[in-house]
Amino acid sequence: MEDVEIKPRGYQLRLVDHLTKSNGIVYLPTGSGKTFVAILVLKRFSQDFDKPIESGGKRALFMCNTVELARQQAMAVRRCTNFKVGFYVGEQGVDDWTRGMWSDEIKKNQVLVGTAQVFLDMVTQTYVALSSLSVVIIDECHHGTGHHPFREFMRLFTIANQTKLPRVVGLTGVLIKGNEITNVATKLKELEITYRGNIITVSDTKEMENVMLYATKPTEVMVSFPHQEQVLTVTRLISAEIEKFYVSLDLMNIGVQPIRRSKSLQCLRDPSKKSFVKQLFNDFLYQMKEYGIYAASIAIISLIVEFDIKRRQAETLSVKLMHRTALTLCEKIRHLLVQKLQDMTYDDDDDNVNTEEVIMNFSTPKVQRFLMSLKVSFADKDPKDICCLVFVERRYTCKCIYGLLLNYIQSTPELRNVLTPQFMVGRNNISPDFESVLERKWQKSAIQQFRDGNANLMICSSVLEEGIDVQACNHVFILDPVKTFNMYVQSKGRARTTEAKFVLFTADKEREKTIQQIYQYRKAHNDIAEYLKDRVLEKTEPELYEIKGHFQDDIDPFTNENGAVLLPNNALAILHRYCQTIPTDAFGFVIPWFHVLQEDERDRIFGVSAKGKHVISINMPVNCMLRDTIYSDPMDNVKTAKISAAFKACKVLYSLGELNERFVPKTLKERVASIADVHFEHWNKYGDSVTATVNKADKSKDRTYKTECPLEFYDALPRVGEICYAYEIFLEPQFESCEYTEHMYLNLQTPRNYAILLRNKLPRLAEMPLFSNQGKLHVRVANAPLEVIIQNSEQLELLHQFHGMVFRDILKIWHPFFVLDRRSKENSYLVVPLILGAGEQKCFDWELMTNFRRLPQSHGSNVQQREQQPAPRPEDFEGKIVTQWYANYDKPMLVTKVHRELTPLSYMEKNQQDKTYYEFTMSKYGNRIGDVVHKDKFMIEVRDLTEQLTFYVHNRGKFNAKSKAKMKVILIPELCFNFNFPGDLWLKLIFLPSILNRMYFLLHAEALRKRFNTYLNLHLLPFNGTDYMPRPLEIDYSLKRNVDPLGNVIPTEDIEEPKSLLEPMPTKSIEASVANLEITEFENPWQKYMEPVDLSRNLLSTYPVELDYYYHFSVGNVCEMNEMDFEDKEYWAKNQFHMPTGNIYGNRTPAKTNANVPALMPSKPTVRGKVKPLLILQKTVSKEHITPAEQGEFLAAITASSAADVFDMERLEILGDSFLKLSATLYLASKYSDWNEGTLTEVKSKLVSNRNLLFCLIDADIPKTLNTIQFTPRYTWLPPGISLPHNVLALWRENPEFAKIIGPHNLRDLALGDEESLVKGNCSDINYNRFVEGCRANGQSFYAGADFSSEVNFCVGLVTIPNKVIADTLEALLGVIVKNYGLQHAFKMLEYFKICRADIDKPLTQLLNLELGGKKMRANVNTTEIDGFLINHYYLEKNLGYTFKDRRYLLQALTHPSYPTNRITGSYQELEFIGDAILDFLISAYIFENNTKMNPGALTDLRSALVNNTTLACICVRHRLHFFILAENAKLSEIISKFVNFQESQGHRVTNYVRILLEEADVQPTPLDLDDELDMTELPHANKCISQEAEKGVPPKGEFNMSTNVDVPKALGDVLEALIAAVYLDCRDLQRTWEVIFNLFEPELQEFTRKVPINHIRQLVEHKHAKPVFSSPIVEGETVMVSCQFTCMEKTIKVYGFGSNKDQAKLSAAKHALQQLSKCDA
């Protein structure tokens, strides 16, 4: 906003001068510019505003009493200064801000404006010290008495360092609170002592008059009216009806209503629904008595609207009923009133009752006088000259008088176009619920209209007095009696123009009293003036001893060693805030239970000294760490006793570590930080800490690792005179021989093979599968090597040259920058050809090596040359490799047959039968060939050799007979270039790169196998020791991998056509139950035209439809009412209710089968022992079931899916993942048994987080052995014994910064000569310097800033691996161990990876012997006490299929947090934490063992379909376990029964209808507080979304509305998980636990395995019309929000999903969207 220049008036400057020197309370009457004084003071004290606090910077506080005032003052400061202003009120959720957020705010802003409590907390929690403030301005400071935060704030001054205190400036227009108009002087003295300064105003009378000119002095008028005597019969009748209703209301039972907390937690909202109803009726009676029947007929409509909305919002049926009864009564009353009004008119038309005559006749004298005054004052005036305020006492009166005036003005011609009324009420609702958001919006527009002059008569409830700035008014009417001095001063202060009138209405009888009162008020005003006149600016400041005495209190504040202060009066709020951090579902409200002790109890505990005093006890909620009862000290009154108890409880919580050093409940982050050194200290060396918030950019930054070659391949280059080992490589075809495959079949099986020659011995390696175009082959590396000694350096040189020739000339895997590496470093071994020598022994084929130091270059020849050469001989061509030089390519071909019977002049076969071979060749290539010399010689038949070099996956190319025949080519030998290289060796070479690469990773896998076996002490087992024979590598057939003809992988997506997800509507019963499940609708943000009518302002014309609309709007149900009428049953029956389900669980008709089975019967008796044991569990129990962990399994575990092999880590990772969660759960539950479930879950999620696993695996030094890159030999593979020039390679070691700018183009420019590449291994100096220059030039060219690493890394042994892959590897390795060695051994591996640290006396192998300890289980309880809670528990045990030995576990598993009576065990949360992990692990193990054909993605879907909350809830209900839950919450039981009815209609099956019901997690679980996790760029967007959420009626805070949208209560699934944990803890036998689970889940295990339910995101994406778009996630503290925009009925709709991580939030958004679509598709 542009700066508004306001000129200071003389007296303002003098006040500021005084304030510069000392504290003061500025007293200036309303309208004389206090705010401006404050702004001048801020400017005087701003010298250190722009320094940071650390270097002596200062800040200013501006404290206000209410949110509206604070908002107004913040705007004023921003308008008139250039300071950075921050605005803070409780509603923004500042209570939950972290220290980091506060320090950012304090760093950023210089003047902090806000409400008092916020600043009080800010200083007590040491976010800012008093010494860092230069000035504190306190607006409306006369409130600072008693325990008001203003006074509490000033109390802090007494315990702070006295030399560094800020200046205190109070501002007020009245010096006295309310009506305390006696002994003004003492009151004022106290005020001065509180604020440590004098009241100051302007010094002499002349100035005082001056202020009075500026300030307000209206003419005061008093209008009296006769007291009304007669009471109409109708009034009596109505009063009697209401009395009667009260009696029946008291008898109604509406169940236990959950207690709702306000934002500040100071007071309870909604404590009694009944008293709310009574209050409305009492209000109505008051209106009728005070303003007459006509007014009453308007007031009753307000009630009807209110009750109708409440009825629709009612959470339980009984509450609905209560509001319905009230509604009926209102209708009746309205009828009586309207009838009475119609007595005066002659017809029954409603409209005729709104005449001036009727209004005057049926109003009380007071209203009559008021209307007369209006008429007299304003008749036929110019509306622009009128600015009138009418003050009334009650909120409802505003609406009522507003309605009355509208009709009166309409029916009075003189006023019709003159007055335009509006009304405004104070805000009483603390909850920022939907209605108050609308309300505030409407209020704002009301004030705006008044300011703009569109409305010129404003009716306000007296709350408007303080500070809400409505411009100068010339008429103020006070309709109701003035109650307090301040009200008088301030409402009078509203009349600000010089000829203003201030009109009071009073009854004749009260006239004297009122005059008396007004006189007293004026006298008080004068007293104040006297007090000030006597001591204007010469007064002495209050002495220190006066201040000390003034703040003396019953309880001393507690200061801890960090200097933070715990004020007794803050203790209650802290306690409540602490309870809010205790985890609970939407229905368990956790609050401390206060109890006033009876005398006998009190005397027993405190003895005689406590006689006549009050003692209060506090019990914390069931799941809090503090289990003991806390007693207050005996106090004089209940209030201080309560404070004392809360104060003591806070001190205990502080000592237990539940409050942090600032006395604020510990956040999850702080709790994690407190154990970071125990579990996460290894993060530090990677520059990370577990509490650090992750910046998105850093989080995704993947690390680069130095690859490590297997030990056996390092420094293994053969040397002269030393023993070397040659390991022969055998290829065995696994396909049938036929015309097409024959050449391959025969050539692979010749005795000539290759071997790898090296100085180290190799372990036994598993046989590996490869896939050629002809089919599958097996590759075996010989177990026993050939031992050889190289005699001389000539032989060694020959071996080197042949090795280089193989890769350079035949395989062509050679970049111009490669050199032969003779240093014997990584992968230093040679490839040698073997031949069958004398005595059938294999030996080196020296002859071949001698002949082929280099492969001859193919070249053509002209006719003369061919005439001079000898004629070709058949024996030279048999089995050799040739190439057609005259065709345009240099393709090697294998000669498969020599046709002696054919000549070039023979006729061709097949389609060219009319030509000879000679004619055909000449016609195509004649001009290149010239002619054929030897026309009478033989012909050769050749086959193309594949160019592919990767053979890991099956090539799914389709070969039909025609293309196979085409493979057969007949050529003229004289026109071919013959390499003379043996065809079988050439053919075997093609497979070599794939084999060598696979051996490389197999050796790594073998090393891991040995390493783990040794650690676990299993290397001595016979099958793991020296006799270990690896099993052949297994192909995971579920990974349907496809390749194109070149061997590149084609990703497989079995993409089906998008299909509509509808199926026929099953039965009437579903349709009925669906109608009850109101799945709420959100359309966001609402457009203006969708906003409901402002009911209060259109009371008289509101129709039921609008009420219905308002209700649907307020709960977010805006649906097109006309298009979709829920009640229209036929409409539903004719349609299908859209959601996909197949023929689930056989075709039983739902809901019929079990109609006559009693509720508590088991669904089916379970027989022990018929469940197939899980292999993993057998291995856990005994060693004889252990199987060796195979080399191939370790290989799979280090192979990422990105490597595109026929096996990878994903399947093992599913098992490892669930094992990891299980072990982390058991470990934390036993190590920190007294933590609450929220903290356990948080630490667990950090323990199993990808970041933690990443650091653990790096610590174990495994990442460098992973296979994560698809094998492409020609582009990203360094063959053995080959490297970059050594001097170039050194750059990476010696100058890593420079190495970053080396690009692949620079390497290609290296153009090495043969001398450099094959002999020296270094590049020449000229070349080298040119190369370095070229790299430097990259900085200037368009390569500047490019990242070459991905293209260059393979040459220098570096690899970049995604962090997630590394975490998955760790899980997969654990999976290998669990699968083969069982749980105990796998627990030991956790210590190996340092994921868990064992305690001295608790080795990790004993994790399964978990003791549930902690303070939560009371020992020595007898069974009768337990069974007192467990009614009919044998039915439960029968249905569960398990009988408990110790029923304490059972009791704990059934106790909901809302059940305060059970103090024996605590609630089920701890068990649920354990049960969740046990269930997840056992189900994962089962599907892992039983679904080998299912791909990993489907396995994951299957697992989540089985263990998600909805499925658990269905199973819980199907087994009738919900009857036994111990909870005290009407809302919860109603939602459960709603869900049970729905499930019965579904035949208790988990259908897809059920799967999209909303769970609690889908409805926003925690308040969205702005935590530092938020990416700053997304902040405005997130805020917008959050505020839209708020407007939409999803309150952004607390539990206000959350539970209304839940269809599936989390409690059902939680109880089932808790019962599973209870079974395990009771029997300590996982196999027995599995039997129980299997019997519960059997129908789903079979059904879902048959047809895996696809997850909601895919379901949405595959929907025909939806076209969903998901937003990127917005992180908010512990919550993530994802929005999803999709199309439904041609409209774009946006929904929001919440969850604890990105995937959950996305799933939840998809669910919301599917629910919408399910309606639209109908």
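Heads up, the Cβ atoms here are built off N, Cα and C, so glycines get one too.
The ATP binding site annotation in Swiss-Prot covers L28, P29, T30, G31, S32, G33, K34, T35.
The annotation domain 'Helicase ATP-binding' is assigned in Swiss-Prot to 15-193 on the grounds of sequence analysis.
Sequence annotations record features per position, and here Swiss-Prot assigns domain 'Helicase C-terminal' to 366-536 based on sequence analysis.
The domain 'Dicer dsRNA-binding fold' feature in Swiss-Prot is assigned to 571-673.
The annotation domain 'PAZ' is assigned in Swiss-Prot to 875-929.
Look at Swiss-Prot and you will find 1177-1382 tagged as domain 'RNase III 1', backed by sequence analysis.
The domain 'RNase III 2' annotation in Swiss-Prot covers 1433-1628 and is backed by sequence analysis.
Residues or ranges marked as domain 'DRBM' in Swiss-Prot (evidence: sequence analysis): 1697-1719.
Feature annotation from Swiss-Prot assigns region 'Helicase domain' to 1-540. For the region 'Helicase domain' (1-540), the mean pLDDT of the prediction comes to 77.
According to Swiss-Prot, the region 'Helicase insertion domain' annotation covers 230-347.
Here the region 'Sufficient for interaction with loqs isoform PD (loqs-PD)' (497-509) has Cβ contacts under 8 Å with residues 216, 218-227, 366, 369-370, 373, 377, 387, 472-482, 491, 518 of the same chain, all six or more residues outside its ends. Annotated region 'Sufficient for interaction with loqs isoform PD (loqs-PD)' per Swiss-Prot: 497-509, in sequence order.
Across the region 'Platform domain' (713-855), DSSP assigns 35 helix, 47 strand, 61 coil. Annotation comment: Swiss-Prot describes 713-855 as region 'Platform domain', evidence class experimental evidence.
Residues annotated as region 'RNase III insertion domain a' in Swiss-Prot: 1268-1362.
Look at Swiss-Prot and you will find 1520-1609 tagged as region 'RNase III insertion domain b', backed by experimental evidence.
Tertiary proximity for the motif 'DEAH box' (139-142) is limited to same-chain residues at least six positions away from its ends with a CB under 8 Å from its CB atoms, namely 25, 34-35, 38, 62-65, 69, 73, 150, 170-172, 174-177, 191, 195, 466-467, 486. The feature motif 'DEAH box' is assigned by Swiss-Prot to 139-142.
Its Cβ placed at the centre, G33 (ATP binding site) has 20 other Cβ atoms within 10 Å.
Within the set of binding-site residues (L28, K34, T35), the lowest number of other Cβ atoms found within 10 Å of a Cβ is recorded at T35. Per-class residue totals from DSSP over the region 'Helicase insertion domain' (230-347), listed helix then strand then coil: 85 helix, 4 strand, 29 coil. DSSP assigns G33 (ATP binding site) to coil in the three-state reduction, outside any helix or strand.
Helix, strand and coil content of the motif 'DEAH box' (139-142), in residues and according to DSSP, is 2 helix, 1 strand, 1 coil. Per DSSP, the secondary structure of the domain 'DRBM' (1697-1719) breaks down as 18 helix, 3 strand, 2 coil.
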